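Worksheet: one structure, shown below.
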């Protein structure tokens with residue numbers, strides 16, 4: 001079980017010594033001076049047949065490699081990610097086969113022998129729990145309501161939201177069958193954004209990104225909860241690389257400038273680096289302004305095989321990988337029974353990175369480097385000054401000659 005901490009739960013499990021801080025300071029500075037890697041990034045909606053279909057292709061070309069991210073809302077929202085060792089690899093789509101009951105082989109990246117890594121991620125269900133009279137930290141975080149299957153959502157035409165200036169597009173959906181009218185004025189959105197160089201978004205949690213990743217921002221806005229203290233979550237499924245599920249680990253930090261009071265970074269790894277990864281700050285927000293006061297605690301369950309129950313069918317995953325069934329799934333839940341929550345403004349937003357290669361690593365921010373320099377430099381200067389004073393004083397005494 002991974003615990004995700006909001007502002008009231010931020011903590012550092014160890015107290016760094018001055019020598020550790022000094023070594024980190026020395027080791028961090030050179031990496032901050034390295035140049036930024038860039039890629040030529042294109043984003044296009046691939047025209048469907050006979051009607052427009054939501055198939056978004058991100059192609060990021062580097063000096064000797066190409067990354068492909070293929071997003072689709074055919075079935076549940078899903079992405080196929082592929083890395084090749086050539087700058088000439090292309091995506092091939094067989095629409096008649098893709099829209100058939102058996103779409104295996106409809107999606108290919110060519111040449112096939114250039115593929116170095118491939119996997120997929122599927123957002124299968126929107127979860128809702130009644131957290132009334134539930135103590136904090138309980139799992140599950142309340143009585144579950146029937147989940148919303150994202151395969152049974154109706155999605156907008158993503159072409160209308162395509163923004164080539166920011167390399168972003170938005171999938172916006174609501175249930176096809178909504179007898180209670182919970183989504184009459186609400187929607188679930190997946191904003192996908194690619195990057196041609198390293199940087200950080202302007203809004204929290206300000207995840208550090210490189211040209212090897214795309215960012216996904218999931219937002220639930222305006223939907224009516226089925227209880228007064230509903231907590232929401234997402235079920236996420238991925239392909240396992242062999243018999244075992246991918247690993248998830250936590251990284252702790254002493255720097256929280258970009259995500260105040262959040263000292264943790266979570267990663268899902270599809271294998272030993274460099275391979276594929278999913279990376280996120282363990283924090284969501286209940287207000288659009290995303291201030292610290294609206295930060296939500298969250299939890300991520302351990303990954304588990306899904307052989308015991310069927311997952312919603314994703315046509316693009318089956319189109320690329322065939323009939324593989326070694327899926328693993330985990331749940332992300334946002335909020336706690338007390339404190340801020342979705343009930344504040346009927347708003348919930350969470351961000352993550354999806355990438356191939358080495359996950360971006362936060363170096364210390366200039367503010368923290370400055371504080372460390374002052375904290376460690378001042379005692380050093382005092383020590384050096386004291387040593388010089390004693391040396392000069394000793395020299396004066398050694399040069400004194402008695403008049404006798």
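Note: Cβ is positioned from N, Cα and C throughout, glycine not excepted.
Worth saying up front: this structure is predicted, and the values here are computed from it rather than measured.
Of 85, 157, the one with N-linked glycosylation site in Swiss-Prot is 157, while the others lack that note in the record, though it may still apply to them.
Looking only at the glycosylation sites 133, 157, 185, the one with its C-alpha closest to residue 228 (N-linked glycosylation site) is 133.
Comparing CA positions across the glycosylation sites 133, 157, 185, the one lying closest to residue 64 (N-linked glycosylation site) turns out to be 157. The local packing around residue 64 (N-linked glycosylation site), expressed as other Cβ atoms within 10 Å of its Cβ over all shown chains, amounts to 9.
The two recorded residues, residue 157 (N-linked glycosylation site) and residue 133 (N-linked glycosylation site), have Cα atoms 41 Å apart.
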